[in-house]
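Taking it in order: structure first as C-alpha cells, then the write-up.
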Amino acid sequence: MSPLANLIFITSLFLGTTIAISSNHWVMAWAGLEINTLAILPLISKSHHPRSIEAATKYFLTQAAASALVLFSSMTNAWQTGQWDITQLTHPTSCLILTSAIAMKLGLVPFHFWFPEVLQGSPLTTGLLLSTIMKLPPMTLLYMTSPSLNPTLLTTLAILSAALGGWMGLNQTQIRKILAFSSISHLGWMAVILVYNPKLTLLNFYLYAMMTTAIFLALNTAKVLKLSTLMTAWTKTPSLNAMLLLTLLSLAGLPPLTGFLPKWLIIQELTKQDMAPTAVLISLLSLLSLFFYLRLAYCTTITLPPHTTNHMKQWRTNKPTNITIAILTTMSVMILPISPMILTIT
C-alpha cells in the first residue's frame with residue numbers, strides 16, 4: 001500500500017473516532033462509526049492473502065449489522081420519545097437493542113465469534129488498531145447511555161465474556177488469537193462495572209489500551225506471530241523480551257503491576273454495590289486468562305525450546321528499542337504506586 005493511501009486511511013480512522021466520541025446526535029455517532037469501519041477495511045486486507053480478505057469480509061458484515069442496529073435503536077427511541085440526543089435514550093426496547101449492537105461492535109460474548117478470526121487475519125499493527133482505537137467509539141456510546149442500560153443484561157454479558165475469553169484462549173498457539181481472547185475477557189471486566197461506576201470502565205479501557213499497545217509493538221519489533229517463534233525471540237532483543245514478560249503479567253492483573261489497579265477498584269466497587277458473588281465469580285474466571293498469560297510469559301523469557309537444533313536462532317540486533325515502546329512498557333509496569341493521583345484526576 002502506498003504511503004499516501006495509508007495516511008488517508010489512518011486520518012479517516014481518527015476522524016471517524018473523533019466524530020463518534022464528540023457527537024450528541026445519534027445520526028452523527030452512526031456516521032462516525034461507519035467512517036471508522038470503512039477506513040480500517042483496507043488496512044485489514046492490504047496483504048492480499050485469502051485469510052486477510054476473509055477477515056475484512058467478516059469484519060465488514062458484523063460491523064454493518066451492528067451499525068444498522070444502532071440506527072434502529074436510536075430511531076425506535078426517537079419514535080417513542082421524540083429525542084435524538086444520545087444521553088436521552090430512555091425507551092427500554094431501544095436500550096436492549098443498543099446493548100446488543102454495541103456488544104456486537106466490541107466483540108462481547110455471545111457476539112464475539114468474528115473478533116479472533118479478524119485479528120488472526122490482520123497484520124500486527126492493524127490488530128493493534130482493532131484492539132484499541134476501534135473499541136473507543138462503542139465504549140463512549142456505552143458510557144454516555146450507561147444510566148439507562150439494563151444492569152442484569154450487562155452483568156450476564158460480562159460474566160460470559162470473562163469465562164469464554166479465558167476458556168477459549170487456553171489451547172491457542174497463535175499469539176494474535178490469544179490477544180483477541182484476552183481482549184474479550186477484559187471487555188467483561190469493563191462491562192460488569194459500567195452501570196455502577198462508568199468512570200472505572202473508562203479507566204480500565206485506557207489502561208488496557210496502553211498495555212495492549214505495548215505488547216503489540218513489542219511483538220511487532222520482534223516479528224513474532226506464534227508461540228514457537230516467541231521461544232527463540234529472546235536472542236534477538238533480550239531486554240525487550242524481559243519487559244514484555246512484565247507487561248504480560250501486568251495485563252494479567254498481577255500485583256504490584258499496573259494491570260492490578262482496575263481489577264482491584266472494580267472488585268471494591270462491586271462489593272460496595274452488594275454484588276460480592278459477582279466479584280468472586282469474575283475474579284475466579286480471570287484465573288483462566290492468567291494461565292495463558294503465564295504461558296506467554298514463560299515462552300517469552302523463562303524457557304528455551306526443547307529441541308534447539310530444530311529452531312533457527314535469530315541474530316541479535318544492535319538497534320535501540322523504540323522510545324515509544326520503552327515508555328509504554330515502563331508505564332504498563334510501574335503506574336500502581338501513583339494510583340491515588342490517577343483516582344483524584346478521574
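Note that Cβ sites are derived from N, Cα and C of the backbone, with glycine treated the same way.
Just so you know, TrEMBL annotations are computer predictions that nobody has curated.
What TrEMBL lists as domain 'NADH:quinone oxidoreductase/Mrp antiporter transmembrane' is 23-288.
Per TrEMBL, domain 'NADH dehydrogenase subunit 2 C-terminal' is recorded for 290-343. Taking the domain 'NADH dehydrogenase subunit 2 C-terminal' (290-343) as a whole, pLDDT averages 80 in the prediction.
What TrEMBL lists as transmembrane segment is 59-76 (among others).
The transmembrane segment annotation in TrEMBL covers 96-115 (among others).
A Cβ distance under 8 Å defines the sequence-distant neighbours of the transmembrane segment (152-171), meaning residues of its chain 6+ beyond its ends; these are 96, 99, 103, 108-110, 112, 116, 177-178, 181-192, 194-195, 275, 278, 281-282, 285-289, 291-292. Look at TrEMBL and you will find 152-171 (among others) tagged as transmembrane segment.
Below 8 angstroms of C-beta separation, residues 106-109, 112, 115-116, 119-120, 127, 131, 135, 139, 142-143, 146-147, 149, 151, 154-155, 157-166, 168-169, 172, 204-205, 208, 212, 215-216, 251, 262-263, 266, 269-270, 273, 278, 282, 285-286, 288-289, 292-293, 296 of the same chain, each at least six residues beyond the ends of the transmembrane segment (178-196), sit close to that stretch. The annotation transmembrane segment is assigned in TrEMBL to 178-196 (among others).
Feature annotation from TrEMBL assigns transmembrane segment to 202-219 (among others).
Annotation source TrEMBL lists transmembrane segment at 240-261 (among others).
Summarising the annotation, TrEMBL assigns transmembrane segment to 281-304 (among others).
The transmembrane segment feature in TrEMBL is assigned to 325-345 (among others).
The stretch from 96-115, 202-219, 240-261, 281-304 that makes the most Cβ contacts under 8 Å with the transmembrane segment (325-345) is 240-261.
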